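Here the structure is laid out as structure tokens; the discussion comes afterwards.
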Amino acid sequence: MSHTNKIAYVLNNDTEETASPSSVGCFDKKQLTKLLIHTLKELGYDSAANQLLLESGGYQNESNHIQTFFKLIKTGQFHLINWQIVCSLPLAHSSPLRSEWLQRLLIPTPTPATTSLFDHMLLQLQYLQQLMSSVNSSTCSDAEIATLRNYVEIMILVNRQIFLEFFHPVTNSASHKGPHTALPVLYLRKILKNFIEIWDSLLVSNDQFLNEENIFNPETTLRELSTYLTNPKLTAQLNLERDHLIDAISKYIDPNELVPKGRLLHLLKQAIKYQQSQDIFNIIDPDDDASFSSPPHRINLLQDNFSHDLTVTFQEWKTIQDTTDEIWFLTFSPNGKYLASATSESSRGYFITVYDVEQDFKIYKTCVSLSQSVLYLMFSPDSRYLVACPFSEDVTIYDMNATSLPDASATDSFLLYPSTRLSPMDSFKLDTTTYPDDTESSASSSSRPANANSNQSRVWCCDAFHTAERAGWMVVGSPDREAIVHSLTTKESLFSLKGRTCIALGHDENISGRKSIDPAKVLYKPTSSNGNWQYVEDDETFPRVHDVKISYDDKYVLLMTHQGVIDVYDFSGFPSKEELSKQTVDPKNFLIPRIARLDVGKNMTCISLPLNTTHQGFHRQQISESQHLVLVSLQDNELQMWDYKENILIQKYFGQKQQHFIIRSCFAYGNKLVMSGSEDGKIYIWDRIRGNLVSVLSGHSTVMSNSTKPMGKNCNVVASNPADKEMFASGGDDGKIKIWKISRN
């Protein structure tokens with residue numbers, strides 16, 4: 001017997017194999033076999049896959065129903081696709097359709113051979129329309145509606161393909177130049193549009209069965225198909241479009257009935273990413289698949305993949321030094337186009353420099369007419385306006401789209417580039433006498449502004465609302481115990497939190513000794529989380545506000561106070577611009593609930609929210625895993641990460657030096673990193689989740705300027721570019737702005 005035959009004999013007569021269990025460890029043997037067969041076919045080993053199929057007893061990768069359905073698509077026999085075939089597909093995470101629904105959809109109607117495809121699909125649409133008359137969300141479960149919606153989506157995908165194939169006519173005659181425009185237009189209007197309208201009506205809010213990977217937007221789909229009418233050349237090759245249709249429908253199918261495309265490779269990627277995640281020097285970036293797609297890089301599948309090297313590097317890319325004054329504040333615009341810089345007091349005057357990031361950081365605007373040093377800068381969400389909060393009582397606003405006008409008579413002739421001179425478009429002060437809560441008690445020595453001889457409050461911080469409903473609004477905070485909602489467009493103060501707040505308590509919290517508040521007087525939007533809240537009077541003196549942040553969905557306003565706490569207010573019920581314009585709600589007659597208080601207990605210098613990478617105008621996108629995080633810089637050589645909604649301290653970061661000055665920190669690299677300046681001139685970078693220090697950069701050093709004033713070596717501020725996760729900037733006492741780049745090894 002030859003060696004080969006011996007191997008075959010042993011394999012065929014292995015008693016251990018015949019008596020083998022139905023599982024291998026915790027894995028199902030049938031699933032493993034199906035996965036191997038599927039992968040062999042994807043790799044082109046069809047004969048080996050067929051041999052394994054025979055030896056395993058015929059484990060099919062897809063059921064007969066699925067094979068029949070996909071064959072109809074590949075051969076273009078769409079006139080044979082009906083609700084009976086579609087509803088026979090086994091869907092993932094779905095419940096069976098009601099029997100009475102199936103009876104209405106699966107009406108046996110033999111279609112004559114002469115019936116057109118248009119009439120056939122019109123009949124399927126009519127069956128669905130008849131069914132929808134009995135579908136009611138109040139009597140049907142979300143799971144039932146989700147199943148019906150998935151089948152409707154599959155039928156829409158099929159009809160979309162039918163529509164596209166109008167632009168690939170069968171060339172029965174040489175004179176045929178292309179499709180008649182009337183038929184695609186009619187099909188889109190009479191069939192596809194009605195299918196999509198029904199699908200839209202089946203959407204369930206907060207649907208736990210909604211698969212984000214599979215749904216498509218009806219408005220986008222209609223716009224896309226309408227584009228094909230005007231430019232039919234956009235359609236791809238016929239076979240390629242049918243393959244895409246099969247791939248799209250495959251995502252709806254139960255994986256136990258159809259092995260997902262590339263499943264084994266996907267599992268291997270997950271395993272390698274998990275192995276790499278165990279290394280504390282690995283910066284996890286789920287969006288980065290470069291290591292799996294780079295041809296020169298080969299991953300060894302025969303051993304574990306660990307690396308003890310830092311997976312990202314930080315490189316100093318550019319140094320800007322247009323001043324010898326200390327850099328106090330840096331901020332990128334939301335669209336990443338501008339970088340604004342504010343300096344300390346200067347013998348040349350006070351101004352803000354705005355750099356054009358896209359033009360190699362050339363000076364774009366020099367904002368003038370400031371009477372004192374600027375403590376805080378903020379760009380509006382559309383990146384058009386820059387708001388400056390100086391030491392003085394004036395909040396100054398600049399329009400980045402305005403034309404720069406040199407002024408020979410101006411006192412700021414010291415400017416390096418007079419052609420970039422930009423005057424304010426507006427400025428305002430907070431008048432503390434205009435609010436009714438300035439009672440004798442609130443104006444006592446403990447709460448009176450430090451500049452008590454003035455009726456205006458200083459403004460040291462601000463942040464803008466982000467959604468379209470509150471576009472042009474911002475919250476300004478004052479160390480003189482004020483926080484006010486101000487409109488940039490109408491140039492008026494809309495609401496003062498001082499004296500207009502209450503405290504929200506859970507149903508299990510003790511309210512004894514507290515004065516209850518009628519919920520009708522509270523501005524809040526009822527949800528499942530606040531349905532059991534009780535509201536009590538807030539009898540505390542309004543705090544001194546040193547920093548303010550607004551969540552990207554505009555639901556929460558965070559005030560960092562001088563008292564060592566961060567107060568979180570629920571603004572979800574605050575009226576929109578439309579409601580205020582119609583005067584349906586007067587917010588001055590209501591209270592804003594404080595839903596949380598983060599008891600940090602130490603002196604804080606700034607707070608930061610995660611970066612929002614969507615920057616095209618106004619938006620509602622949330623930031624998934626990190627949407628309720630706030631980073632706190634402490635004057636105690638420490639940073640803290642809190643979940644402000646749950647009032648939980650999540651992580652602490654140590655290493656940087658901060659005891660005497662305001663040092664600012666930020667999120668970076670798609671919110672995977674946390675970074676901060678330091679009083680030793682260095683930049684400290686941590687892994688956001690683990691809290692370990694991953695790098696320390698030598699950023700800024702002690703220098704002596706041309707003046708007699710000695711310069712410190714603080715790195716006062718770091719700022720990330722929200723439109724380019726690989727870019728951040730730092731500013732220090734040496735007057736330098738350094739631009740840094742992050743790259744993966």
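A Cβ is built for glycine as well, from the same backbone N, Cα and C atoms used for every other residue.
Residues or ranges marked as repeat 'WD 1' in Swiss-Prot: 322-365.
According to Swiss-Prot, the feature region 'Disordered' maps to 433-454.
Taken from Swiss-Prot, the feature compositional bias 'Low complexity' applies to 441-454.
On the 0 to 100 pLDDT scale, the repeat 'WD 4' (540-579) averages 93 in this prediction. Taken from Swiss-Prot, the feature repeat 'WD 4' covers 540-579, and the record attributes it to sequence analysis.
Summarising the annotation, Swiss-Prot assigns repeat 'WD 5' to 613-652 and lists sequence analysis as the type of evidence.
Here the repeat 'WD 6' (657-696) has Cβ contacts under 8 Å with residues 280-281, 283-285, 287, 310, 312, 314, 328-329, 605-606, 608-611, 613, 623, 626, 631, 633-639, 641, 651, 702, 712-720, 725-726, 728, 730-734, 740, 742 of the same chain, all six or more residues outside its ends. Residues annotated as repeat 'WD 6' in Swiss-Prot: 657-696.
According to Swiss-Prot, the repeat 'WD 7' annotation covers 710-745. Helix, strand and coil content of the repeat 'WD 7' (710-745), in residues and according to DSSP, is 0 helix, 21 strand, 15 coil.
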Residues from the same chain, set at least six apart from the ends of the repeat 'WD 4' (540-579), whose C-beta lies under 8 A from its own: 442, 446-447, 460-467, 469-473, 475-483, 485, 495, 497-499, 501, 504, 522-525, 527, 530, 585, 587, 592-609, 612, 619-623, 627-628, 630, 632, 642, 644-645
Folded-back contacts onto the repeat 'WD 7' (710-745), same chain, C-beta under 8 angstroms, at least six residues removed: 283, 285, 288, 290, 309-321, 323-332, 334-337, 339, 341, 343, 355, 357, 361, 611-613, 615, 661-670, 673, 675-683, 697, 699-704
DSSP-assigned states of the repeat 'WD 6' (657-696) in counts, ordered helix, strand, coil: 0 helix, 19 strand, 21 coil
